[in-house]
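Structure first, commentary second.
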Amino acid sequence: MTGVAIEAHGLGKTYGRRGGGHRALHDCSFRLPAGRVCALVGPNGAGKSTLLNLAAGLDRPGAGSLAVLGSTEPAAVRDRIAYVAQDKPLYPQLTVADTLWAGAELNPGRWDRATADRIAGTLPRTARVRTLSGGQRTRLALALALGKRPELMLLDEPMADLDPLARHELMGALMAETAEHGTTIVMSSHILTELEGACDYLLFVDGGRVRLGGEAEDIVDAHALLTGQARDLAPHTVVESRTTGRQLTALVRKEGPVDTAAWAVTQPSLEELLLAHLRSPDAPPLLTPSASAGVRAEGVSA
Amino acid sequence: MSTLTRPKTEAVATAPGTLRGSARVLLRVHRKALWAGAALLVTGIGIVVALRVWVASSEALCGGGDVTPCGDEIYVPNYAYTSAEGYLANGGTVLILLAALIGLFVAGPLIARELESGTFRPAWAQSVSPAHWLAARLAVPAALTVSGLTILVIVYRWGLWAFRSGPERYGTRWHSTGVFPGTGPSVLGYALLAVAVGALCAVLVRRTLLAMSLTALVFGAVAACLSAWRYELWPSSFRKSTDVLGHAPGDWPIDSGMLTASGEKLYWQDCFEADMTQGVEACMRDRGGIGYFSEYHPASHYWPLQLVETGILLALAALAVFAAFRVLRRLHG
């Protein structure tokens, strides 16, 4: 066991024709240690789904390399990865029971019927998939994903079509099932609050690359919200600053001790942090040591 | 962090398992289509049986039954006999259309619709590789179609057997376009080609309707070409004589004309087009024709023709299957 769930080096993926295509990912490098629950956040079109698709071995990267669960070929370890696509595609003509049966058929030797049944919970077993509501579909898709006892779960906007109660309930079930196995989970969303609290790791993707990566706490700790009289902010890296008269409010990345005499220092929330980065596309990326891909990546992205 | 109760990797032996699993899931998902296919098979058998029963039970118009002339040279079949023969004269065409239908099903509902609607994702995100996924979608319809069509070919041959002792009739001659492909292995070749072309079109365009139309176009073109140039698939026999040549029953006449002293072939066709004012015979004589010849396939060419046609179809099918896997691998690994 390498202790690394996903490691990307200079990952690139372009959709459409060469030249005029849409660059979904570009020179994207990061590392996700095993056993984390990671929030993959970013605005729409940031490359979240593309990244999950590549990690699930459904598509091939156009450039760079991607190692998943220690294999440089994600497709080769597909039996250890679970992936739930954004629209939760399932065979509409099958019943719930048939779908769970299909999960067992497609995962010979791995299928955990009890877990799948537990997650499927109260779903009517004889109902056809096409008659299920959004929340029920999500539940069934999660049952299918958890039933194969994955080491890595990739969930693309898993909670998007759920009401808050169902979201809370399913998230709880997901965490309970995966905690004892130390399953690595990557959940994408463009709404951070959906994931905050459940996740201890963060990958913030924007413009096809990872701009923030690491333990959620460490990332928050690395930043400070400074308020005080307008003056030079050196040596800190300014992410975003706003001046009102002589008053300056700045979100900075701390490069040494902050002069608490000159500034009123508060800790930004994760959401404030992400919004500031979204508004300042030029802010340099921050990857904590655990999220930095190996030496080769630094050479590539320099 | 790594005190994980990771599942043991029993993945070593999953390869054949997932293929079998894929096939079983595929059959469950398309259960209705399976029933429809079985219904078509039963209908096909039923039609042939009904026709034979009809012919056997209908009253003969003259003494010796309807397969002998009524005391003279004139052959008078009854209504049942003529109708049954008329229907069976198109049996080969019907079987090719069935093969095409299976190709359309593979192209549309089986593959392209999954690619279009995204249901391939849960399959591939389970432990099924894209290659296995495609393999199941080729192997299951191929196996079912070959078994079903084999039965229909046997039944069809048995149906045609009813007319074996009658005088040669145009519709059900062995080489007739509507009969030939349905009486031997070539219809199996057509079916496998349809499945393969369907799969290739589906992974190429990934749109249900487009893939189905493209499959119909490609398969139709191949079938039309083979039907038009079937007589070229095996060298035809050649016969010459100083008298006008007739054809033996069972022969498939290809072309005929006259031979010059030097052995050059003059085809009737050329004189039909050249000069309408004189007789064709005279025209040929003017051009130096002194004897007659004809090119034809004797009945013994049936099997060589069938096997060559089947071989061509299987080769094309293999090519399409190879290409389909290549396309899928290039896109998804």
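Easy rule for this one: first residue shown is 1, then count along the chain.
Cβ coordinates come from backbone N, Cα and C, glycine included.
Residues or ranges marked as transmembrane segment in TrEMBL: B:33-55, B:87-112, B:133-156, B:187-205, B:212-231, B:310-328.
Ranked by Cβ pairs under 8 Å to the transmembrane segment (B:33-55), the stretches B:87-112, B:133-156, B:187-205, B:212-231, B:310-328 are led by B:133-156. Put simply, of B:133-156, B:187-205, B:310-328, the stretch with the most CB pairs closer than 8 A to the transmembrane segment (B:87-112) is B:187-205. When the stretches B:133-156, B:212-231, B:310-328 are ranked by Cβ pairs under 8 Å to the transmembrane segment (B:187-205), first place goes to B:310-328. Within the chain, the transmembrane segment (B:133-156) has long-range Cβ neighbours (under 8 A, six or more residues past its boundaries) at 19, 22-23, 26-27, 34, 37, 40-41, 44-45, 48-49, 88, 91-92, 95, 98-99, 102, 105-106, 110-111, 120, 123-124, 182-185, 187-188, 191-192, 195-196, 199, 203, 321, 324-325, 328. With a threshold of 8 Å between CB atoms, the same-chain residues lying at least 6 positions outside the transmembrane segment (B:212-231) that come near it are 96, 99-100, 103-104, 106-108, 112, 175, 177, 180-181, 190, 193-194, 197-198, 201-202, 204-205, 252, 254, 297, 305, 309, 312-313, 316.
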